[in-house]
């Protein structure tokens, strides 16, 4: 079972390097890792389990956050309309995106960052990604709003980018041009 002690924190080399492409079909170990990552997210969102094991709630996690430099991400959350996004993916890649941007009005957080980081993180308002799922099937997703932000955050992790790298250092609350907030 993955716990917070398994999650590496900012400054760890795996968080600043591009992760390796995962071979498909997935190995038994890669499938198990994906399942474990998914279970961590579910556990972190269950109040009783999270309290028992001192887990911070998360909606996404990437293998580099576990010190594993592979292009593997897991997502588990419901959007504002109650649609469940729950999946483990390998080799996710943004293949197209909008010019329009968006940002979370409350800012972003990260399981690998133990401190509050203030500022807006500009993201594409809409993205299309291609990936492979845990069953070795190709996946193509068109995302907008909060789901698009979550996926971009996790894809950044496999590319060695932390969310705070995208914040305007001179004016952290600068509203990016051509953007709209997401509550």
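Along the chain as shown, residues are numbered 1 onward.
Cβ atoms are placed via backbone N, Cα and C, with glycine included.
As recorded in Swiss-Prot:
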type	residues	note
ACT_SITE	154	active site
BINDING	110, 153, 157	Fe cation binding site
Problem - Chain-internal residues near residue 110 (Fe cation binding site), provided their CB is under 8 angstroms and they sit 6+ positions away - result: 10, 153, 162, 163
Practice task
Around the recorded Fe cation site, report the further residues of that chain (criterion: Cβ within 8 Å of the mean position of the Cβ atoms of 110, 153, 157; site residues excluded), sequence-ordered.
Solution key: 60, 62, 65, 108, 111, 112, 154, 156, 162, 163
Problem - Cβ contacts of residue 157 (Fe cation binding site) (under 8 Å, same chain, 6 or more positions away) - result: 15, 19, 62, 64, 65, 73
